[in-house]
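Asker: Here Swiss-Prot flags Glu9, Tyr55, Glu63 as Mg(2+) binding site. Among the features that Swiss-Prot reports, ATP binding site is placed at Arg53, Thr66, Trp419, with the record citing sequence analysis. As annotated by Swiss-Prot, active site, proton acceptor applies to Asp57.
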Amino acid sequence: MQRRIMGIETEFGVTCTFHGHRRLSPDEVARYLFRRVVSWGRSSNVFLRNGARLYLDVGSHPEYATAECDNLVQLVTHDRAGEWVLEDLLVDAEQRLADEGIGGDIYLFKNNTDSAGNSYGCHENYLIVRAGEFSRISDVLLPFLVTRQLICGAGKVLQTPKAATFCLSQRAEHIWEGVSSATTRSRPIINTRDEPHADAEKYRRLHVIVGDSNMCETTTMLKVGTAALVLEMIEAGVPFRDFSLDNPIRAIREVSHDITGRRPVRLAGGRQASALDIQREYYSRAVEHLQTREPNAQIEQIVDLWGRQLDAVESQDFAKVDTEIDWVIKRKLFQRYQDRYNMELSDPKIAQLDLAYHDIKRGRGVFDLLQRKGLAARVTTDEDIAEAVDTPPQTTRARLRGEFISAAQAAGRDFTVDWVHLKLNDQAQRTVLCKDPFRAVDERVKRLIASM
């Protein structure tokens, strides 16, 4: 499958402070954030005009699920649009607090752990063909996902009783299973719950919940692009060396704690390989695969960055990727800060900086400031993101959903939508079932809109 439907779901951390002290509980902050949403959507679980879903997840975490996308830059753009949608709610909520005489600063963090040790996720979704052998996909994909933090981790300072250490991944400490049908209780790497949101006879949806939330656009593109490319190679029957891990959960932590990528991890049968070895195998197969697939500039861009990042890890000289990979950008920032102020990695100010990196408010968040200075690479523009806040992807089913929602809102009609259904809540209860996520034009939807 060279054209693939993809989407990203992001849970955001939330807090409200007043002069540095916590002002409201996360529950209360979430209520203020979603008050405007509830006023027009009558629910804290809504679909937006751009085809995305916005809702309040377990534990007071606002969650934004992008609309269906079918190319990488489109997906990165819609992922960033989610940040802007949430930032807009943040500004509105702060104004409500001020109007009520409460005061306080609301923070939304696109990260994966809070100070209490709780974890929340960034989930990737990839449409795969039902006819494929799911167990083979899992077997080949698992070693890739365990080691890919080397190329797309968000970076984190982990405080241990002995010392503070810089880790590649925020999520690695919180994953407890390899493949499972649960997402919250056990936190697997690949979630197998079969909800395709499409024609179940043709497709299933691969739900990857091991990834970090990325701030850097090129890192997000690399994370999703490499996974989609590995899936494409599996579907095409490309042979891979067997890197089945003895204990994926131990391995994911070991990889996260080793920025050299050289520490050996145990494979099934007593063999060993390093994260760098494993990633090199997938990368070299990808380079070969590019010779046989139809040319695609976005795929070529991510394979180029993949190779440069692996070279950088191997040489430990990150100068050629230090604006493109989240954990590299963050580590460089910490090192500069430590050198300037002569402080240890365990200093609370570094922990503050770690958190501030993920603050999504423009003009305040540290990552945004780095990006404005040209210290973080981009693949989108602000104009494209602004358009994606209100406009669905034009090449997928999301277009139908977005146009239906816009028309129903403009006509003042009561409606219900989900990923596959568009329904007018009138006497006739007219419903259109959109089972093909690749289909952006549908006469049935046009007629439903015209009937308003």
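Easy rule for this one: first residue shown is 1, then count along the chain.
Glycine too: its Cβ is placed from the backbone N, Cα and C atoms.
Describe the structural context of each listed feature in the structure shown, including burial, neighbouring residues and relevant distances.
Answerer: In this view, Tyr55 (Mg(2+) binding site) is surrounded by 18 other Cβ atoms within 10 Å of its Cβ, with every protein chain counted.
Taking Cβ-Cβ distances under 8 Å and a sequence gap of 6 or more within the same chain, the neighbours of Arg53 (ATP binding site) are Asn45, Val46, Phe47, Tyr64, Ala65, Trp419. The DSSP secondary structure for Arg53 (ATP binding site) is strand.
In sequence order, Glu11, Glu63, Tyr120 make up the list of same-chain residues 6 or more apart from Asp57 (active site, proton acceptor) whose Cβ falls under 8 Å from its Cβ.
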Asker: Cβ distance under 8 Å to Thr66 (ATP binding site), same chain, sequence separation 6 or more: which residues?
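Answerer: When sequence neighbours closer than 6 are ignored, Thr66 (ATP binding site) has Gly7, Ile8, Glu9, Ala52, Leu75, His78, Asp79, Ala81, Gly82 within Cβ distance under 8 Å.
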Asker: What other residues of the same chain, not counting Arg53, Thr66, Trp419, have a CB atom within 8 A of the CB centroid of the ATP site?
Answerer: Gly7, Glu9, Phe47, Gly51, Ala52, Ala65, Ala67, Glu68, Ala398
Asker: For the recorded Mg(2+) site formed by Glu9, Tyr55, Glu63, name the remaining residues of the chain with Cβ within 8 Å of the site's Cβ center, in chain order.
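Answerer: Checked against the 8 Å cutoff, the neighbours are Thr10, Glu11, Arg53, Leu54, Asp57, Pro62, Tyr64, Ala65.
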Asker: In three-state terms from DSSP, label Thr66 (ATP binding site) for me.
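Answerer: In the DSSP reduction, Thr66 (ATP binding site) maps to coil.
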